[in-house]
């Protein structure tokens, strides 16, 4: 077998050269990549590899799992079973032979050392036991000698002690005799004194009885206390006093004091005497020195000497009652503290964090401020974003007045036919497209030009780098052109002006420059900063120059973005697709958006299930300045919301729910504020007519635009009220809502489903479909105009001059007049003018010509006029006859 190089052997074995060199090194052979390998070395390597393959596993892991059930008692006598699973894991590691020999040697040495230590310990214990026995023997000998000496001393003292005892006994007997004699004398004296007291008491009692019999008056003698029963009577008095005290306490607590106090009196005499006997027995047992402890039913509660300082956690807003509960005080105390600080509040009033902090610190508590958006900040900060920024494509928004050729211009650039697909030839959605040019990529946003789409244009200006302002050369600056300029200036975005329709004969580019200069858009040739490009979307003139101008402006801006890391962007448009669910058009600003990423988007969250570009093709990722449609959100996000990729779906859901709750709180607070501010305006609310509308559209941007346009139509007499709005088709719920609120169902580029149509037919609802916003607004205007009350207008139909005044018994003063203008008609309202000043306004009661009643008198004829309830008519006055006509008003 011939020698081969190591590289050839590596290629033959299909392993890397470095791996093969390492295997040779493990087998004990040093080789480099260019060395040759002999047959013997191959055999050595093969044997080494076989040994490695045959060797068993170095590590063995055993797992054991046990399950048990634990019963936990719960409330209401019910118990709950909890499943407990215990997992144990043990790993055995196989050692190599050399390691095993080394460990065995160490264990043997350790055993020998332990044996040696044990023998030494036994010898030490023997020595200590021998020494202890010797010490005990010596101590025993000492004790025996001491006891012997003690016995000898006791025998010597025994004789002398006996003599002393005899003398003590004699003295004690003499003392006892004297004490007995003294006790006998004392007893006799006490008996004599008691006898004298009894005789005196009997004498006094007989004297009192004799005097009572003499006066024939019976009296109850005062009881004489027996000194022998002193303790018994004392205990009885004490118990009576305690019973009286207890009755007062119990009577004060209960509703009926008399009933409570009378309750112990109902007890029998046996129970009372038993208690008295027990008290007396206890008192007698105590003797003179014994004291019975006083008992009382009153429970004493003392107020804490010092206030308890607590840690009070305060959120961004808190009510006065909640703050009082956290501090464990009454709400009135918190209100008093706020009044001292100069703030008036009720117990249910919501106060801000700063005010609550001042009040809590004033009352001596420690305050812990809690930010409610702490979780949101933590989620947003826990993101991977790359550090290196790279150049990115510019995002260009095309703005301008309606029908000035914005979409057609973009259409020519993209070589597609978008304008023909839009209803009415006007753009009603934001179209996001990116196109490749020879000099780089450009992302275009096409915004609507109609006045109703103000929010869409503002959103486009916020998400863009450069604004291309399209102005028709034959039309000049129009209202939406001015609005687009204002949006661009507010966003601080440079403007490139595209003067379109330059191929028309009536085109006047200089007029466009002059008009734009009035709004601060000056061309470069006039010393300004804006580039002006003459284009024709129809003929394709100047398109390349426009793209070059855009790329030049982008180069000046030095647009950069981070490509690596988690993506972030903005929602350009969103809608609800019946088959795919919520769909959002997202413009990525930085990072890379991948399929499967977890995104947080305003009030919604979800995982990106699919991504499509503007051509409807599936893509797996999208970098900066790339618009894509994403699927998988929990709901339809609002256009303009920030899109952020996060790590944890659970936390994203919590943040989305927090945002929804916060939005609801702000909305309710705003409604409450408006109710308070418009209190007087709402007093006449019943006189205002309302047009209720349930609006459904295909995309979120259209819902916003139509809602804003309709709400702006409201007047003091007729108001438009959007009862409900949303994205998607008209459902049965929408129809039911419209029936309940007497509303008009409006569908913009959507249709009603079968169940909704049944409800609409049964309830006879007004359902209208639209595809052009002009028609929708015009019809709502017409409906509102029908609700307006007509305008009353006074029209002068005749004027007569008073030439003479006659008296009539029936009508009073009659004015003889000459009709100078128009026609005088009977029963019409009139005004009497004197020196061109109205002095009376009333009704024409009588109109005669030659004593005949007539209905009207024409110009140039004489007549007699009687004014109802007015007699102060003079010569030279003018009588003006007018009529009131109704004029139907319309919404402008």
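For all residues, glycine too, the Cβ spot is worked out from N, Cα and C.
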From 500-503, 504-507, 508-511, the residue range that Swiss-Prot assigns the feature region 'G4': 500-503
Listed range which Swiss-Prot flags as region 'G2', given the options 410-414, 415-419, 420-424, 425-429: 425-429
Range annotated as region 'G1' in Swiss-Prot, from 384-391, 392-399, 400-407: 400-407
Secondary structure composition of the compositional bias 'Basic and acidic residues' (93-159) [DSSP: H/G/I, E/B, coil]: 63 helix, 1 strand, 3 coil
For the region 'G1' (400-407), mean pLDDT (0 to 100): 77
Summary of DSSP states over the region 'G4' (500-503), given as helix, strand and coil counts: 0 helix, 1 strand, 3 coil
Largest tally of Cβ atoms lying within 10 Å of a Cβ, found at which of the binding-site residues 403, 406, 502: 406
